[in-house]
Every structure is written in structure tokens, then in C-alpha cells.
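Annotated in Swiss-Prot:
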{"type": "DOMAIN", "residues": "4-169", "note": "domain 'EngA-type G 1'"}
{"type": "BINDING", "residues": "10-17, 57-61, 120-123", "note": "GTP 1 binding site"}
{"type": "DOMAIN", "residues": "178-353", "note": "domain 'EngA-type G 2'"}
{"type": "BINDING", "residues": "184-191, 231-235, 296-299", "note": "GTP 2 binding site"}
{"type": "DOMAIN", "residues": "354-439", "note": "domain 'KH-like'"}
């Protein structure tokens, strides 16, 4: 059984995201003075005592307004309550009971999820009890005065949360999930792709750019293994983003790339590869992440039997630094090839984590040298490649011992990398090659030691 879920519910700007960050000991949830910063439901890992659980943060609930994303936010909150063991209902003790609080209480009475009432912004313990007493009128049980920003009262609240969680014995042991980040420019279909993958409305979809502000974590099982999918905020040029919630979401997106095992770079089939797509691809390669390139909106392209081949050639010419990444043409709208993403991503992760023995590496290098010798300078000095060994994975990294790294130009270095890929695979992952100068006698001695260790 998966870890139990605790849902955070409340109207806008009562401090839900601040409480999430407090419960999860992080700053993942975006906190900003502007109401409605959180729109989709986002997941983080929380713990208290000897229990681990998931905390799901939902958008601010408003029932007397159907403009913009408010109906979708209500739908996201209802979905969060369906999977939660308990809901924490957050209200603002300084403002007192509002009509919005009463509407939320009425909404919760129609749900099957039990609720605990937390009265936030009770910074003074003495005044907090008096402020909390007013909220008995909501009919949601005992109100617990807390200060999300300072942590006061949260221990007692969490003790009550644990009483609603299923027995720990039902959770079982679980394999660590693969972290998959869905990244791309605004409005290329990232959230639609996430919803198509999950088979439910996990993220709000809109033609308005910047709909997704947070990174949205989704846990599921595919290819017989657990995955954690992260739908990131659309990443634009920095100069086109004002300092505010969207800025923080983009910063969170770059962090999602850093903590991912594999990235799905979503390209709009109608737009082709833009300069911003190239920058994102460069970021993936720079961070050493496995990658699958997904060309979305394929259903909207007029095509014949040659279109896919021609378009792939055109796209790869502009994404030349991701020439090792598999490319998949999909439609989030129709679901075409969406399920194939996991098979390609799983293979990329496997290659990203792969290790190869020194003897096998040197067989490939020997073959490469037989086909093409290292370059010779005008002064008659020739590069010598003594041996190579894999020194790390995630991404696979190799140190190549040579007489002088300066004798190996970019052209020959690219040739060696291509030969390693042709001989050993590593589809879907970048490689890092380190060229290190060494005297021949020392290199031969070190090679013998390496081979003896691997026996």
C-alpha cells in the first residue's frame, strides 16, 4: 500500500502553502502574498513521529465565483479529498469566520474524508484560544490554534492527524520511484500530457500561458515500477517573467530538472524547435540528466508517410546536443503513443545508471583506434590514448588516459564518444569524457591494477 495522504484545504491566502512547508520541512510550495498562487494539487513528503505520509496542497477554494481557474481548482480539491485519509482545513484566525469558510465547511460535509480544523495565524497562545473558539460555529469539530509561520500548535495538530492514518503495517516496503520531470515552454501541452498519462485531470489545462505555476508531483506505477512525475511550470526567457509567483515556479522547474532521473522535453510539433527549447535541452545536457524528447500535438500536423522522418531530421538538426535522446511523436489530446513514454524513459534511466567494466571499455577504444588514429601535430607529435575506465554513473562518466589532452581536438573527441555509443549503447543518456594526461609507463601499470581488481 502507498503512503497515506493528508490533504490541505482552505480559501485563498490563509497560509496553506506555509503550513505545507512547515509539515514537510521544505520550501517547495510557493508562498506569496497574491491570492491563488497554488492552482493544481501538489504533493510533498511529510513525516511526524514514526509515520511517513504524503501532503497534498490544493488551490484556494472559492464557491461564489466561476471566473478563470476557480472551477478547476474546486475539482482538484475534490480529487485530493478522494484519496486522502484526513483533510486539514485551514482558516485565518485574525480575520475570523467568513462566508467562504462556511461554504467550504458545507462542501466538506458532502465529502467522505474526515476533517481537522486548523486556525492559522494565532501567533499568541493566549489570544489563539479565544480566536479559535469562534470557529466552533463551522461544525467541523474542535478548532486547533496554530501558527504555520512559527510552528506553534502544529505538534498537537499532527498528533491528531496520525490518529486518522491507516495502520503502518498496511503500507509495506516500496521501491524508490523514478523521478521524471516533464519540462518545456509554456503551452506546449505538458499538463495535457500529464493528464493523458495518469488517466485523470491531475493538472489544470488552459490555453492561457502560465497556467501551471508550481511543480506538480504525481505518483503512479508503470512498466512494473513506481514513478514520480513532475509537471513543471512553463520555462520562458527570464526577461519575459515578472518577479512573482510565476518567477518562483520557473525557479522550481529548474530544481525539478536537477532532482530528476529522467526529463521529458516536450516540443510543440506546430512550432518546431525554438531558441528556448534549445536552451532547455542545453540545461538537461549540462545537468547530466537522461532524456526523452516528446513532440506533442502530432494530431494537428498535416502529414503523409514521409512527414515524421523529415520532421525528426529537422528537429534533431536543431537539438544536436541531444542527439543521444530518443524522440517520440505523440498527441496528448488523442493519447497517441503516450504510453510509450514510460518504456523509453525506463530504458534511458537504465542506461543512465549503467556501469561497464574496464576491459570492455578498452575493447571499444582499441576498435576505435584501429579505425582512426589520433591526430598528429605539424611538429610531428601524435596523440596516444593508453586506456580508459568508467569512473561514475548518473550520467556514465569515463576517464581516458592520454599522453597530452591538448593533442586531442574536438573532432576526435566527438569521434571517440560516438564509438563508445556505437559499441556500448547508452541510448537516452549523456556521456561525460575526461581526458587526462599520463606517462605511458604509469598508464600501463594503472591499467593492470584495474584489470586485476575486476578479475
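From the backbone N, Cα and C atoms, a Cβ is placed for every residue, glycine too.
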Check: In angstrom units, rounded to an integer, how far apart are the Cα atoms of residue 298 (GTP 2 binding site) and residue 13 (GTP 1 binding site)?
Finding: 40
Notebook entry, point to check: What is the Cβ neighbour count of residue 184 (GTP 2 binding site) at a 10 Å cut-off, with all protein chains included?
Noted result: 25
Next item on the list: Name, in the order they occur in the sequence, the residues of the same chain whose CB lies under 8 A from the CB of residue 61 (GTP 1 binding site) and which sit 6 or more residues away.
Entry: 9, 10, 11, 12, 73, 74, 77, 100, 103, 104, 107
Notebook entry, point to check: So how many other Cβ atoms are close to residue 10 (GTP 1 binding site), meaning within 10 Å of its Cβ?
Noted result: 26
Next item on the list: Summarise the model confidence on the domain 'EngA-type G 2' (178-353) as a single mean pLDDT, whole number.
Entry: 80
Checklist line | binding-site residues compared (13, 58, 187) - the one with the fewest other Cβ atoms within 10 Å | finding: 13
Note to self: If I take the alpha carbons of residue 58 (GTP 1 binding site) and residue 184 (GTP 2 binding site), what is the distance between them in whole Å?
What the structure shows: 23
Item checked: Number of Cβ atoms other than its own within 10 Å, given for residue 122 (GTP 1 binding site) -> 26
Notebook entry, point to check: How far is it from residue 16 (GTP 1 binding site) to residue 190 (GTP 2 binding site), counting Cα to Cα, in Å?
Noted result: 25
Item checked: Inter-residue Cα distance where the pair is residue 13 (GTP 1 binding site) and residue 187 (GTP 2 binding site), in Å -> 27
Item checked: DSSP state at residue 10 (GTP 1 binding site), helix/strand/coil -> strand
Notebook entry, point to check: CB neighbours of residue 16 (GTP 1 binding site) within 10 A?
Noted result: 28
Next item on the list: Mind giving me a neighbour count for residue 190 (GTP 2 binding site)? Other Cβ atoms within 10 Å of its Cβ, every protein chain shown.
Entry: 29
